[in-house]
Amino acid sequence: MADKNETPRLRLTAVSKRFGAVRAIQHGDFTVRAGKVHALVGENGAGKSTMIKIISGAEQADTGDVEWDGAPVRISSTTDAIALGIATVYQEPQLFAELTVAENIFLGKELKKGGRVDWNAQNERVVELLEVLGLPAKYATATVGDLSIAEQQQVSIAKALSGDAKVLILDEPSAILTDAEIEVLFDVVRRLTASGVAVIYISHRLDELFRIADEVTVMRDGRTIGTYPIGDLSVRQIAHLMVGEELSDTRPHREVPEGPAVLELRGLTRAGKFRDVDVSVKKGEIVALYGLVGSGVSEIAACVYGIDRATGGELKLNGATETLKSPQDAQKKGVALLPANRKVEGMFGFQSIAFNISAGHLKLLSRFGMFVDRARETKVATSLIKRLAVKTPSERQPVNAMSGGNAQKVVLARQLVERPKVLILAEPTQGVDVGAKEEIHRLITELAEEGTAVLVVTSDLPEALRIADRIQVVRGGTTTEEFGPDAKQVDLLAAAAGGSE
Amino acid sequence: MSVTTAEKPAVRTTKVLPSPVTGQEIVLVGVIAILWVALWVSTPAFMTAGSIQPLLVATAPVALVGVGMTIVIITGGIDVSVGAAIMVCSVLTAKLLVDAEVNLGVAVIVSVAAGGLLGLVNGVLIAYGRVHAIIITFGTANLFLFLGLQIFGSGTVNGIPGTLAFFGRGQDGRTFGVPHAFLITLLITAAAWWYLRHTAGGRHFFAIGGDAQAARLAGVRVQRRVLLAYVLTGLLVGLASCFVIAQGTSTLDQSVGSGKELAVIAAVVIGGTSIMGGRGSVLGTLLGALLVQSVASGVTQLGWSSQLSDLFVGIFIIVAVGADLLRARARRSR
Amino acid sequence: MTATAERVRQRPDVARILLTQRIPLLAVLIVLVVVTFFINDAGGYLTAPYDFDYMSAALINAVPLAMLGLAELLVILSGRGGIDLSVGAIVSLSGMVFGFAYGEWAWPLWLAILATAGFGALCGAVNGFLVSYIGFPALIATLATFYAYKSIAIVINNQQPISTPPIQDLFSLSKSVELPLFGQYIPDVPLGIFTFLLPTVVAVWLLLARTAYGRRLYAIGTNDVAARWSGLPVRDTRFKAYVYAGLISGLVAVVTVAQFASARPDAGVSGSGMALPAITIAVLGGVAITGGIGRVAGVVLATLLIVWLNAGILLAFVGNEGGQYQLLALGTVLVFAALLNGLTNRRYGGTS
């Protein structure tokens, strides 16, 4: 373990941050040492990303102290952070596909020789960087667009290091990588720490922390719960620290009527994304597919809805094997889906609520299948607005002016116009306020009670526990364990994050 | 990095940049070569100075404006006002030649300055007005046409002296048989190629077209770069206008420049520059312009209706961009 | 910051409506233009009277302009950089088809019109196929077909126009007529308004504002990823927008042939062509180049504004000066409209 008396590279003491009424961080202590990998873990909303934003200068703490090499500093912008030597690599590489790796790394700070870019000098520097990272030198002159996502991420790391980084923040780097690619990443991280760089490593995959991290800080409800040498903990113990004391479940146990499965996935596979997925949902049942970001869980949803084609396995609806060719096809067969990314996949921004609700049901809401029956549209829209308690003066309001929760209800309302037999809900309450979350959960239960087979695809653990009758954990692109509604959070988290030992 | 490696890296790449010539350019050279040979075989008169020289002369203005248009399109923009801008510059210069009897140097300077000014108008509106380039340049095209017609006064400009013969079709316009207009275009294309490939400023155009927001965050001065792209186009329009006057008769009529914006865009697109921005080459544009002009020349030499060459332009655009789309699709699915 | 917000709030609502809503703005501008020319007329500054008769006669120019503006509305609405540079070339080519069918082969008029419209739709289908199914940027695909159609139109009859007697007789279609019932109280109106423009306006309005297809078109233009996730047929919808644009261009071809009493091979592409003014009208009418926003009323009002403005300018200047000032007016109005769109997007979060 590191010498505790050594001056830490970066130390945050008692920081707090408030966004309006929300206290994102109530109390945060965080210490980073040169040459060490410090993992930062916590559930969604625990305050991890705010902490990272404060360190990288994207946000400023309301209170608290920051010390760099023992001296107090103020990080009031990303430029300040970069000047200190703090570099951040985000999950999605932000690179220019048409430029070479070397150009990407030196964009905006090109090395010049007599008015022209000194390609040789740049390439030499990049080859050195790649050398340190243990990456092939040929990357330097490759066009970024020709590289895989994993390679692009490595380039992002190289880019972050090009500015003499002393602290490197890796924000969920492993989420988009395959196992083999993660090995390369770890190799890179080890080489970096060996050369004295401090790495802040954020990940949901708890098992991998044991292979790469030296220390781990756990956050929960806007507080840093504590910092521990990784060797002192097990996956289960970390999971326990993350979820805290289990509240006894006050939810009344729902009785699911016996019956055959309405939706059944048998060994469903999509090459490169997920494999051998087994799930079944009965009429009136709520099943959660719980998995971490990058576990393949969202790809499963897209496939069951006909966005992507399965490459293997079976999908059965009411016992009959089906191939869903497109979302239209899925809808025709009674499958509806609430997409995970509301703004991109769900909302028609500047169009009205009624427009958003009736999209996808225009045949039903038209006379002679041609002219939109506006009276009927209004009736359907207003009744759904009422049922979902959407807060709006009229169904003609545009949805882009609405809060996240209200907009989510509108997109959800669209799935309910023609009562689906199977309703898939991908991250149904992401970016939604507490009140709306409550209402959406209540609605999901109602729908199930009315006989809909509901599959909730979520990375939100309390949500899965709160509404599901059964929980299927997805890990590494496949379904692993099944839990009942009485399962403990810590068990689920451990199963999903890879510590079932 | 605080790390220094004691030894120089063992693996040294000899190739510093991606290939200087793109696949599209090689294909274009091939297509032009085949076309020329085919025309040579069918009409032996094609491979004579009397046929090739006018072809090169006619290629020059389109290719020259194409250099600017390529840069504009690389940044993710477009300029549909170049046809009207050519009209303004050429009528202004022609009038000066007739009325003020200015010399070659003054004529070129005035024309280039006028073009630059028109480009500046576009550039300021697009870079700082934050409005889509195609809309703004549709608007300024009308304004430039108005300006051009106002300078025209009525009808045509007649009796233009041979001051610009240096750029012309005649003997004065050639050195060792190569038309000066084409030579100058070649030089400027080469300079632009070098600029785009080897200077930080040139590379920044590509970054802007790839992702303007990310480029700004990386420290690229996006607005200034965009402004520069349109001003450069304007300056080249000014020079190209001198070629246009020199290549015509002593009369300039109001149809000058008409439809040139689309001809230039066609050359750029056939040359392999992506209309989505971020990728492109001035060399390809030159070849694209040469191909289009070769077809036009070939069509007339074969005794076909000269208008038929536009059909080939359409087909070339579809084939060139279609091939690119298929490549992109293959790359994505990999 | 607070001060600015305060000022915005204090500004009377009228200003806000005019800045954010295109249709009231256009209406006000039309009144302004007409009143200006009436006053000039009363003051004797115009070369001929600018009155209701004159305004009505000027509407003949509105027919092709508004129809092609609506064609552009459809394709621009479809999003993904939707635009159609080939409408003018389709007008030329379909016009030749009409010339052959009606002028040479002596088909019945209705059949010839139908065939021409159908041919226009076919040309549009080529655009739609390239854009929607193959994935060409619309600007490129329609630039290519612009060249191809234009070339075929000119080559197909050896650069010769077709103006046989039946075609020449069509000129009567462009005449002004007195309306039944109340026609005696108002000026005579060009026939083309009733035979072509109004039906097209009504049809496109019905299509966009009342049909399921219209909804789908707005949906894919607003967010085509969400449209796919909602189970909408994205490609098919976008494809059809180009087909409809081609169909309208085919109808414009008939109007143009009648107006010139001749099927001219360069009818839609001579000068700056017909596509550029059509796109200008669409943008001026409040159609967002990014897709999903735009209404028929905006396009119609923008046409009226330009047509009446142009008609007035013609009277305000002697000789061909008028034509030049029309360009100035069009350019100024377009740049102004575009900057206004940019401004309102930033300040008020979009136009409606």
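Even glycines carry a Cβ here, placed using N, Cα and C.
All TrEMBL annotations are machine predictions without curation.
Per TrEMBL, the features are:
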- B:26-43: transmembrane segment (TRANSMEM)
- B:55-74: transmembrane segment (TRANSMEM)
- B:105-128: transmembrane segment (TRANSMEM)
- B:134-155: transmembrane segment (TRANSMEM)
- B:176-196: transmembrane segment (TRANSMEM)
- B:227-250: transmembrane segment (TRANSMEM)
- B:262-291: transmembrane segment (TRANSMEM)
- B:311-328: transmembrane segment (TRANSMEM)
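Only sequence-distant pairs (6 or more apart) were considered; of these, fewer than three Cβ pairs between the transmembrane segment (B:176-196) and the transmembrane segment (B:311-328) are under 8 A, so the stretches are not in contact. With a cut-off of 8 Å between Cβ atoms, the residues of this chain six or more beyond the transmembrane segment (B:262-291) that come close are 21-22, 24-25, 28-29, 31-32, 35, 59, 62-63, 65-67, 69-71, 73-78, 80, 82-83, 185-186, 189, 192-193, 196, 206-211, 313, 316-317, 320-321, 324. Contact count against the transmembrane segment (B:227-250) (Cβ pairs under 8 Å) is highest for B:55-74, out of B:26-43, B:55-74, B:134-155, B:311-328. Residues 78-81, 83-85, 87-88, 91-92, 95, 118, 121-122, 125-126, 253-254, 257, 261 of the same chain, all 6+ positions outside the transmembrane segment (B:134-155), place their C-beta atoms under 8 angstroms from a C-beta of that stretch.
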